[in-house]
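As structure tokens, the structure follows; a few thoughts come after it.
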């Protein structure tokens with residue numbers, strides 16, 4: 001069935017219908033355009049959401065937990081999901097919207113052309129009908145006039161009063177009118193035949209052709225909407241498997257969370273490795289001599305200030321200042337994140353973990369640098385065998401640089417292996433019962449460094465005038481001040497910073513500190529001016545020679561055996577003693593990194 005046959009007389013309705021159809025197509029295009037905007041906005045907001053919830057750099061250490069890893073995987077899947085929504089938006093824009101726009105433009109042009117042709121056909125038919133109507137009116141007028149002339153001639157011919165000439169005149173008029181009537185009749189007949197032919201051709205051929213073209217146009221528009229709707233669904237379906245995989249990835253990320261594993265990692269991260277504090281011994285004051293009562297109170301007084309972690313509060317310890325800050329606080333001995341090179345400022349377990357990671361990193365770098373050096377050597381051999389390929393001397397500089405890098409990496413690798421070995425030995429020593437007893441001195445938890453030093457694991461805090469420090473520390477400082485003719489005697493009445501006396505509030509009155517130090521203390525002295533020599537805490541062997549260029553330090557030669565009388569307080573210096581033929585003993589400070597300590601059990 002065609003519009004030209006069935007709707008031959010519905011030109012205006014067909015014109016309205018086709019216009020509404022194209023408007024419906026444009027409306028669908030607007031719908032798809034709005035949907036594209038929504039898809040694009042959705043993808044943009046999803047990406048912004050993922051960006052806002054990306055873990056910060058300071059939270060990267062939490063990435064080892066399965067819950068955090070699952071969340072990162074979730075963000076990755078959401079980012080992929082946003083990408084698929086962008087694919088949908090772009091595909092709809094390129095395939096659907098552009099296709100609909102092009103189709104709408106084509107249909108409007110074709111419809112306009114069809115309507116112009118139909119209008120011209122309608123105008124031609126109306127013109128022909130007007131000509132027919134005009135010919136018919138002329139024929140009717142001529143026919144009435146001829147009848148009227150015939151009646152006049154008949155009357156004149158019957159009238160005997162009229163002359164022959166007058167009768168002849170009526171006859172001529174009648175003949176002329178009859179001729180005019182016949183001419184008008186013939187014209188009318190011709191116009192009628194022409195109109196009928198045109199009308200038949202118009203309604204059977206010309207106008208149906210226009211209507212059929214309009215029908216094809218409307219069917220093309222309808223078929224286009226169908227294809228566009230199906231195409232939009234296909235675009236959505238094409239990304240559905242990827243979206244489904246994103247959902248599967250999200251589910252897998254959720255299923256990867258392991259609460260037991262995270263709990264174990266919390267233990268692994270925060271376990272210090274320190275032994276639990278032993279029982280605090282009972283102090284029977286009746287067995288303490290009166291002269292030592294004040295000292296005992298002074299020593300044990302601050303020891304009760306323990307934090308919840310069982311370690312000494314940060315406000316109870318004052319660290320000794322290093323010799324001109326050359327070693328203990330030298331920034332060159334710190335890593336990028338502010339930690340010590342050997343990580344001795346960390347708890348034992350965390351220290352070993354850092355050392356293992358550093359060793360693995362150095363081992364990887366050594367392998368890479370070795371491969372690079374081997375490649376350069378092969379290149380040099382090839383160049384030497386065939387000089388046309390290149391100059392061997394161009395590789396020589398790179399080869400030397402690679403050798404230097406490799407030597408430095410190996411030295412660092414050996415150094416950190418030594419740190420790790422000492423850390424492992426320290427852990428074994430700390431786990432022994434005797435070590436547990438030694439580490440709880442006056443209620444102070446301490447931990448041994450890999451170099452044999454004992455460093456209080458606490459946070460730096462502000463100093464108080466009534467802080468007492470450790471007993472061995474105070475006695476050592478007093479002993480340095482009392483040794484005659486020793487390296488540590490300051491004749492000008494002021495103690496050097498490297499000895500720790502000038503900055504320590506536990507220095508004794510009358511030991512070269514002056515009244516200023518007494519005012520800084522603000523209390524009566526706790527110790528007598530004469531103190532017995534300290535018992536050695538262990539022995540040490542010099543790994544490297546050391547020249548005593550600063551007051552308070554003593555020189556030593558490589559391999560020399562010394563006695564340790566005060567362990568490292570965290571500033572990189574250890575106090576040692578050696579036998580002296582002239583005055584009995586020499587005492588002073590040496591760099592902790594220059595010696596290998598063996599402490600008594």
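Cβ from N, Cα, C; glycine included.
Going by TrEMBL, these are the annotated features:
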- 122-201: coiled coil (COILED)
- 427-453: compositional bias 'Polar residues' (COMPBIAS)
- 494-518: compositional bias 'Polar residues' (COMPBIAS)
- 1-262: domain 'F-BAR' (DOMAIN)
- 345-422: domain 'REM-1' (DOMAIN)
- 535-600: domain 'SH3' (DOMAIN)
- 427-518: region 'Disordered' (REGION)
(message) As a quick check of your reading of DSSP, tell me how many residues in the domain 'SH3' (535-600) are helical, how many are strand and how many are coil.
(response) 3 helix, 35 strand, 28 coil
(message) Across the domain 'F-BAR' (1-262), what does the mean pLDDT come to, as a whole number?
(response) 89
(request) On the DSSP side of things, how many residues of the domain 'REM-1' (345-422) fall into helix, strand and coil, could you say? (result) 68 helix, 0 strand, 10 coil
